[in-house]
Structures are given as C-alpha cells and as structure tokens.
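Per TrEMBL, domain 'TLC' is recorded for 42-262. Look at TrEMBL and you will find 22-45, 57-76, 82-103, 192-216, 231-250 tagged as transmembrane segment.
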Amino acid sequence: AGALAASGPCPFPGEPGQLPPALLVAALSLGPFGVTHLFGVSPFLSVRFRLVSTVQATMATVSGITVMLSCKNVVYDRHWLAVEYVWVLVPYMTYDIYVMYLCHWHKSQEKGILEKKHSLASVWSFLLQERLMVTHHLFILIVLTPITQHFRGELGDFFVGCIFTAELSTPFVSLGKILMQLKMQDTLLHKVNGILILVTFFVCRILLFPFMYAAYGRQVGIPVYLVPFRIPLHCNIANAALIAPQLYWFRLICRKAARLYGGSPAHRSR
C-alpha cells in the first residue's frame, strides 16, 4: 500500500523501476523507441495507446468490484484499494491528457497545420478542441482526488469503488477505435462491440449514480428520493459534475450507434 502511494507523484523518472504503475504500463506498451518516434506511425500509435487504456480500465474495474463486494456497510466499511488505487489513477489521468495532446498535434501535422510541438498555439488548439475531456480529467485530478484521499475521512469506500467501475466501458470503446483503424467497421464483431459499448456505458456511467443513491438510501433506511436532501450538498454537486459529461458522451454514442445499425457504409465510417 505504501509503495503505491509513494509511486504516484513520481514525474517521469529515469529508471523504469521508479515509474508509477500506470506510467510503467504505458512505457512498456510504447517500446524502446518512445512516444516521439512512434508518432511517425499513427495507426500503431493509436492501437498502443488504446491498449494502455484497456489495461488501466480493467485494473480500475476489478479494483472497484473488489471494493464494492467487500464493503457491506456502504458508509463505514473500508477497503485499502479505495485509497491506494487513486495513486494509479492520478498518474494515468496526467499521462492521458498528455497523450491526447500528442495525438492532437500529430493529427494537425497530417492536416498540414505546421505548429511546433509544445508551442502555445498547439496547446491552445488542443485545449479548445478537447476542452470537455480535459476539464473532466482535471476535475478528477484537482477536485475528486483531494476529496477521496483527505476530505471524506474514513467514509464512503463503497462509493469510491462504484466510481472505479465506470471504467468498464473503456475496453469496448478502445476495441471499437482499434477495429476502425483496421477498417473493420462493417464486421459483426464491430456491431456486437457497439452494443456492448452502449450497455456498459449506460449501466456503469449513467445508472451508476442512481444506484449509489439507492444503496445509500437502503443502508440508512430512507427512500431514494430523499437521499439528495440527506447527504451533503457538495456530494450532489460532485455527482452532477461527473454525470453531466457522461450524458453528453452517451448521446454521441447513441448517434454513432444509429449510424452503425441504420446507416450506409459511408456513414458508419464516420
């Protein structure tokens, strides 16, 4: 447990053994040539990054389910993963923002937009295009991390585990992107995977929130509709801030699914 906590803030040290768990996974997936070299081969780069996301999402989901099953009392029961796995998520979220920037810069180069890497112009362009995703990641890093690690005290490990399980949809999203890279968007596998994306995203990122409210209501013996009025206001605000982008992304997924199952091949490739 202490090793996980110590590894979290370590900023890209030179020795592989010193890397935080999430960044170690990333470094291994990128191979000996590193990020910069791989950006010359964008399809392989995209696949590698998707694999990193899948590994992290699997770890988060397993950790979340473990915490949820271990905490019979959803308010007071404790599990060490609810605290320590956050120190995997913190470096991963930081890494993910940087990867998104590099992908944005690389795509800009392919489109003929010759901006210098790490320049103010390229960073600003990235922030404008990916503002929702970056805001989501920064909210987790700046707001939720202090809450889960300090301000909540020793309460609510069960709900932290619930939040971890939101990552269940990520492997299917990643597989969908990989299949599109491989020009397999018209295959049965891609269609089945699309259904799995819809189901897992809806269950683990939308229904997750009423489930948590219902679990709390059942624990303290009150109807679910009274829960928002019995818990602290900041809990409701944090949940609203988390579910808002999920609703937006779910709408985009539904639009994509409508094209996939009802549109022409030209529409499906978009």
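Placed from the backbone N, Cα and C atoms, the Cβ positions cover glycine too.
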Distal contacts, the transmembrane segment (57-76) - CB-CB under 8 A, six or more residues away: 82, 85, 88-89, 154-171, 174, 215-216, 219-220
Averaged pLDDT, computed only over the residues in the domain 'TLC' (42-262): 92
